[in-house]
Each structure stands twice: as C-alpha cells, then as structure tokens.
C-alpha cells in the first residue's frame with residue numbers, strides 16, 4: 001500500500017524541472033511592429049491617388065467651386081457642387097431647367113491669350129478640377145431656359161417668361177428679382193442653349209449677348225456637365241431645385257410653326 005511519502009514523490013516527479021520552464025519562456029520571441037512605410041513609397045501612393053482623382057474628375061464627376069452670385073439663391077459663392085460629366089455622354093442632351101457648367105469661349109467671352117505661365121496654369125487647373133480653386137474664367141454655371149427649337153419670350157402680361165407659348169413660374173428666382181428686365185423674343189437654334197442665372201439682376205447670361213455673334217446661344221458641345229449635387233456646405237446638401245419648373249412646356253416648334 002502506498003504511503004503518503006510515496007504519493008508526494010510521484011507528484012514531484014511529474015512536474016517539469018524549473019530549468020525547462022525557464023528555457024521555454026526564454027525562447028518566446030515577441031511580435032515585431034510593422035516597419036513604417038518608406039518616404040518613397042508614401043510619395044508614390046500619394047501621387048497615384050492624386051492621378052486617380054484627377055482622372056475621375058476629368059471624365060466622371062468634377063467638384064466645382066461656385067465663383068459668383070449669379071445663381072443665388074440656388075447656388076451661393078463658395079459652394080462646392082458636383083458636376084456629372086456623364087449626364088450628356090450617351091445620347092442625352094441638356095433639358096430645360098437643368099443647371100449646367102459650360103465653357104463660354106466663343107459665346108460669352110472671346111478667346112484671349114493667357115498671361116499665366118504654363119506651370120501655374122497647370123497647377124491652377126488641377127486645383128480647380130478638384131474644387132480647391134476657382135474655375136477658369138471661361139467656365140460658367142447657369143440654368144437652361146431654352147433648348148434647340150424653343151421660342152423664349154420675355155415677358156407675358158404678368159411678367160413671366162414664356163417658352164413655346166407657355167408661361168413659366170420660376171420659384172428659384174432670387175427674392176425681389178423679375179424674370180428679366182430685358183425684353184426679348186428669340187428662337188433657339190438647334191444644337192444650342194439659351195441660359196440664364198437665377199439671380200437675374202446680377203447675372204451676365206444669354207441676354208447680355210443679344211445682337212452679338214452667336215446671339216448668346218451656348219453650343220451643346222460646350223457643356224461640361226450637369227450640376228447634380230450640392231456637396232458643400234453640409235447644411236445644404238442636395239440637388240438643385242427648380243428643374244421641374246418647365247414641366248408641361250409644349251414641344252419646340254409647336255408655337256412658331
């Protein structure tokens with residue numbers, strides 16, 4: 001029969017020696033922290049991301065800094081909007097009520113030589129394409145009032161614009177503004193647009209170029225894209241209002257044969 005001393009002897013023999021336990025502890029190697037990214041790799045990835053953003057901005061969706069108050073209250077100075085460059089790329093064309101960004105060279109302004117050096121122009125253009133700087137002086141943002149074939153008249157007996165004989169109520173106009181202080185009666189040539197700012201008393205638009213070559217009409221091919229979203233400030237996120245003001249307008253040509 002086992003004695004108490006024999007049980008204690010067996011318990012001691014089943015325990016590993018102290019040296020073995022210490023040895024196992026000493027062989028454990030802690031995980032090494034990941035090596036920091038080198039300066040060269042940081043620059044590479046930064047440049048790659050910048051190029052990707054520029055390509056996306058050039059062909060798909062461009063941030064645009066609003067430089068003036070001609071579209072108030074819809075768009076205010078300093079607002080950042082997102083311009084959809086694919087809106088008119090697959091057979092669609094600008095419609096009445098759309099807020100568009102376009103190149104006004106040849107319609108709103110004449111071609112001029114820039115005094116800016118090549119590097120400065122490149123940097124400014126890159127910053128503008130990311131919404132970090134004001135756009136080129138040839139870029140404008142206005143609302144489409146008439147499309148090719150439309151007859152646009154100012155104004156009816158109640159002071160409203162008429163498009164193809166239908167009066168248009170414009171809820172987006174700046175408070176206190178009339179639809180136009182300039183009387184006109186025009187037919188928009190095919191392939192062009194008649195555009196106006198929402199702040200009519202503070203907007204240089206198609207009306208200002210009546211009687212000039214082109215008559216203030218903007219070629220559709222000069223449209224850069226459609227303003228689909230207001231991205232900044234955060235308190236005013238959303239799409240531009242007023243695009244439904246032209247619902248019910250008769251087809252172009254119905255009023256003027």
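FYI, residue positions are counted from 1 along the chain as it appears here.
Backbone N, Cα and C define each Cβ position, glycine as well.
TrEMBL lists 1-13 (among others) with the feature compositional bias 'Basic and acidic residues'.
According to TrEMBL, the region 'Disordered' annotation covers 1-33 (among others).
The compositional bias 'Basic and acidic residues' annotation in TrEMBL covers 22-31 (among others).
The transmembrane segment annotation in TrEMBL covers 43-66.
The domain 'Peptidase S26' annotation in TrEMBL covers 46-230.
Residue environment of residue 70 (active site) contains 23 other Cβ atoms, counted within 10 Å of its Cβ in all protein chains. The active site annotation in TrEMBL covers 70 (among others).
Annotation for residue 142 (active site): spatial neighbours 70, 71, 99, 100, 102, 195, 196, 197, 203, 205, 206, criterion Cβ-Cβ under 8 Å with sequence separation of six or more. Residues or ranges marked as active site by TrEMBL: 142 (among others).
What TrEMBL records for 198-210 (among others) is compositional bias 'Basic and acidic residues'.
Proximity of distant same-chain residues to the region 'Disordered' (198-217), defined by a Cβ-Cβ separation under 8 Å and at least 6 residues beyond the stretch ends, is recorded for 69-75, 106-108, 142-143, 145, 170, 172-174, 176-182, 184, 186, 188-189, 192, 242. Summarising the annotation, TrEMBL assigns region 'Disordered' to 198-217 (among others).
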